[in-house]
Amino acid sequence: MLNDHDRIFTNIYGMHDRSLKGAMARGHWDGTAAILGNGRDWIIEQVKASGLRGRGGAGFPTGLKWSFMPKQSDGRPSFLVINADESEPGTCKDREIMRHDPHTLIEGALIAGFAMGARAAYIYIRGEYVREKEALQAAIDECYEAGLIGKNACRSDYDFDVYLHHGAGAYICGEETALLESLEGKKGMPRMKPPFPAGSGLYGCPTTVNNVESIAVVPTILRRGGAWFAGIGRPNNTGVKLFAMSGHVNTPCVVEEAMSISMKELIEKHGGGVRGGWKNLKAVIPGGASCPVIPAHLCEDAIMDYDGMREKQSSFGTACLIVMDQQTDIIKAIARLSKFFKHESCGQCTPCREGTSWMWRVMERLVTGEAEVEEIDMLFSVTKQVEGHTICALGDAAAWPIQGLIRHYREEIEDRIKARKTGRMGAMAAE
């Protein structure tokens, strides 16, 4: 359990004043000018020492990512882009930061931008996040009026602007290069890499793309020291993290907890337990819709961090759990996710464009039991042909949930096919 004095987000539930005055009263924007005065190299070294990894799902070391930006300008401006396009089913943590604690993000953007020599930050917010956009824009306006950003930000002789861009609802724009394309006014389709954004990103200029939570935790890390953050959790999985729980828990929520907390403790302590008790648990998707499902017997000792989820043949992702009880039709649940990825594919890569549609059609047949048993292996084979063969990771995201389903629930799939053939499906439906 995380100690209260180690918490970074002081208003995640919106119980306090989210204005600049309220944020300052809770300790935000405290000594920001002094932090900037320590210089770019000090900031990046502290972030590296903290062990902070990207909170958007990939888990790339944040300090290392910042260090890829050019130290000296070649005449092109540098930019920080904040990915607030939180569009994956089950993921709902960043919206709480933007809606209730927006000043953590803006202060973090200023410090991160300074560390990378960026001229401005662009916050790309999900199209459906209307109230979040209003709260964030109001906070940005407050900071401009107070002189915290803009010309001579925080009286540091550093000019830094923050722009808020409202997306149009495309999931694919959550991929960093598709996001950059969208910001430039083009169709949101991922770019080939290299060149990477740090070399040629927004408008062909050096750019770093970070998740909302990754940026929002930076000011507190620098105030308390990288060693403090590194002392929470376990090696390679350090710090505090926002976890979300939805589905069949008694109290769905977003909560700030220490990394490496056990899944069972997280669900029992903060989610109010599984609906009907822990024995009624069927499966958990641990980090948003793109992560392979984990069956109940593996959830008993599952550790919620990058390494812990890898050991369970899944992924930590965004740490937003989707909990499913024994009454869940797991095949139908994964088929619904398959439909989402099919719908959101941009169509640029053939394996993803054709593969997601094909996988969804087979999944629909598995739901009704109309498929043949041989199609299970064929479906798994197709997921492997899609995985790793696309420009971006949407192909992987579409393949992994299906792989997890077949890996752990093959017997249930086969039983449904046999039930259809023997007429048991009609009897089951009647019950």
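Yeah, the Cβs are placed from backbone N, Cα and C, and that goes for glycine too.
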Need one residue: from Cys320, Cys392, the one Swiss-Prot lists with Cys346, Cys349, Cys352 for [4Fe-4S] cluster. Cys392
Beyond the listed site residues Cys346, Cys349, Cys352, Cys392, identify every same-chain residue whose Cβ lies within 8 Å of the center of their Cβ atoms for the [4Fe-4S] cluster site. Ile172, Met189, Pro190, Ser345, Gly347, Gln348, Arg353, Thr390, Ile391, Leu394, Gly395
So Cys346 ([4Fe-4S] cluster binding site), by the Cβ count within 10 Å over all chains shown, scores 22
Cβ neighbour count (10 Å, all chains) around Gly185 (FMN binding site) is 6
On a count of neighbouring CB atoms within 10 A, which of the binding-site residues Ala58, Cys392 is highest? Cys392
Least Cβ-crowded entry, counting other Cβ within 10 Å, from the binding-site residues listed as Cys173, Leu179, Val209, Cys352: Val209
